[in-house]
Structure formats: C-alpha cells, structure tokens
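Per TrEMBL, the features are:
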type	residues	note
TRANSMEM	20-40	transmembrane segment
TRANSMEM	46-64	transmembrane segment
TRANSMEM	85-104	transmembrane segment
TRANSMEM	150-171	transmembrane segment
TRANSMEM	177-197	transmembrane segment
TRANSMEM	253-274	transmembrane segment
TRANSMEM	286-307	transmembrane segment
TRANSMEM	319-339	transmembrane segment
TRANSMEM	351-370	transmembrane segment
TRANSMEM	406-431	transmembrane segment
C-alpha cells in the first residue's frame, strides 16, 4: 500500500520538513520581539532595566507552559489525532492574538501595550510549543531524534532570523505596523499548511468526535524500530504524581539543572553584549539585528544540522558535555579580550559566533532531555523541562537589565563562562554514572 505523502508517521522527510516549519513559526515572533523590537527600543533610548522588564514580560508565558503539558497528555482522544488538534488550535489562537500587535503604532510611547500584546500572543504560542514537542516525541523514532531536533532548532533559528533581521529592516524602512503585518501573514500561511498534515492514517482532517476505543488504546509511531505500547488512561491526579516523581529523580534533576545554568549564562551575555554594542560602541540597532540574523543564522543552521547528525552518531551525552565545555571556554576567552571589542572585525566575529552557540547547545541538550522523559507522560515532562528552560532565558534577560548598569559587560561574560564551567562539571559527574531504567 502506497504511503500518503502528508502523514507524519509514514514519511521521514515530512517529519523533518514539518518540524522545521513548525519551529519557524515559533522563532519568528521570538526574533521579532526579543531582537528586532528590543534593539529598536535600545536605540530609541530605553534603559537597560526597562528592556530587561520587557524581555521578562514577553517570555513570561513560556515559563508557565508546563501547565499545558498535563492537558495535552490528558486529552488526546480526538478523531483528528492525538496531538494535531492541540497544535492546530494553538496556531489559530496565536494568530488571532497576534492581531493585538497590529494595534501598536509607536512601540516607544505604547510600551506597556506592546509588552502586553506580545505576552498575550505568548500564551497561545507556548501551547503550540508544548503540542509540537509532544507531537515530536510521539512520532519521531529514537534513532532520528538528533536529526529531527536539528531541523527543529534550525527552523527556530531561521524563524528568529526572519523576525530579527527581516522585520528589523521593515521597522526602519517601513513601519512597526508593516513588520507586524508581515509576521501575521507568515503565521497565517503556515497555519493553513498544518491543516493538511495528519499524524497517522485514518485521522480526520476536522472532527469533533472521539477516536474509537481500539484506536485510542495504543500509541504507534508506525516505524520499524518503535514498538506499539499501551497508553495509560491517566487521571489528572495520577498523571501529576507520576510527573513529580519523574522530575525529582536525582539524575534528571541534576542534568536539567546544569542545562538551565547554561541557558541562563548564554542569554545573559547575549543581551548584555547587544546593549554594549549599541550604547557603548555606537552600533545601530539594525546592524546588530541584521548581522546576528543573517551571517550568524547561516552559520547556526549549518552547525545545527551538523550537530544533529553528530548527536545521533557520537551520542547526546558526549555532544552535550563537549558543547558545554566549549561554550564556557569561548565566553571566558572572548570576555578577556574585551579591549578589542572596539575593533569592528572582532566585535562582528563575536556577534556571529555567539549566535551559533545556543542552537548548537540546544541540539545537544534536547535529545538528552527527551531521553529523560517517561513514556505516557512525555508531553508533560518535556513541557516542564522546556518551560523552565524558557524561564532560564527570561532570567538571563532580566539579570542583564539589572546588572548591565553596574557590572562591566566583560565581567558578566567571565561570570557566565564560569557558570558554564560549573555546569560542565555537574554533567561530567552525573553522566559517568549508569542510567537507571525509566518506568511509568
């Protein structure tokens, strides 16, 4: 029987392509808000504290997205598929919420309204994020996860580049309204595409009915290397108890704690360095946004694809430890050379290389976090990990705003590198121990 071209469980190429564009959808608003708009506000004279608060408000819904996880795991009996109704519904709501951003005429004078509009969009975008991650875990075989994560992170980076570089250009050459309108148009086009993609044969395109008891009793990835297993009929109480036990197991707790330290340090130095270039070195906001979103993105996507292949070949553990150690050394070395930042070549190289670090680290970290998730609660557990990772990002952005006025950017970079060294040590001590079997 010939496989349908638009069923995720039957086509590897579709899985890679679908998760790529689904993450473009997530990266676009992120690049727009946290790079293009933030750099624009920086150039317009807003204080580091105000910028830190803006970043924290925009990222706040992502820090609480773990609340979506139990809902996504509990209700997966739709005739449209286990995860697809959540993905499609979240996309529609996020698209409608993006209409609030279109009401902004002047981001500087309407600063509070701007932050609120992006925060409202983030509520539904975070639900989409949780749903897409759950879809990936339940449809991508273990042997493909490194490469699938590479396409996911590559999509995120491309989306962030479009939001950062493309929309930054439109803000200056057109208007904020034009940039927001382009964002909404892209999100609308991708939402239409999602409508035509199904998880498995027999899933309905649109239906309010439940799946049949037989279809709902199993999980199947329809791939040769993934067994078919029963889906537990969780109550909320049992699901939450199992989730808490899984999260508090010592090994996952230490590994995830170390990963969070890296995310905090990476985001803190990124924001501090952007502000330093614009307010201390005289760079324009467009130059910072475009350089990080073009050359930095091209290199980041290439390294993400290479990193995904390496994660599958050499293993996520070695990849994670090596990347963490490399990031620590680079942050410390670059910060010790702060006297050279006035040289445009050095500053540009730092901007571009820095743009590649977080995607490469995520490629190593995400398969590791997926491997820690217990079957049956994988959507909830992975959503929790991603939510706290997003909170780590938010914490880094907020701390940059608070520390930038009183601590030299170079000192912040050295501190971030030291934080990453501590994370590498924690990972090395934990990963050298044998992994206990995960049970539900």
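Don't overthink the numbers, they just go from 1 along the chain as shown.
Including glycine, each Cβ sits where the backbone N, Cα and C put it.
In this chain, the transmembrane segment (253-274) touches the transmembrane segment (351-370); three or more CB pairs sit within less than 8 A of each other, excluding pairs fewer than 6 residues apart. Only pairs six or more apart in sequence are counted, and the transmembrane segment (253-274) with the transmembrane segment (406-431) gives three or more Cβ pairs under 8 Å, enough to call it a contact. Distant neighbours of the transmembrane segment (177-197): 6-8, 14, 18, 21-22, 24-25, 28-29, 32, 36, 84, 87-88, 91-92, 94-95, 98-99, 101-102, 104-105, 162-163, 166-168, 170-171, 205; these residues of the same chain sit at least 6 beyond its ends, with a Cβ under 8 Å from one of its Cβ atoms. The transmembrane segment (85-104) shares the most Cβ pairs under 8 Å with 20-40, out of the stretches 20-40, 46-64, 406-431. Within the chain, the transmembrane segment (46-64) has long-range Cβ neighbours (under 8 A, six or more residues past its boundaries) at 33-34, 38, 108, 111, 114-116, 118-119, 122-123, 125-126, 129, 271, 275, 386-388, 390-391, 393-394, 397-402, 404-405.
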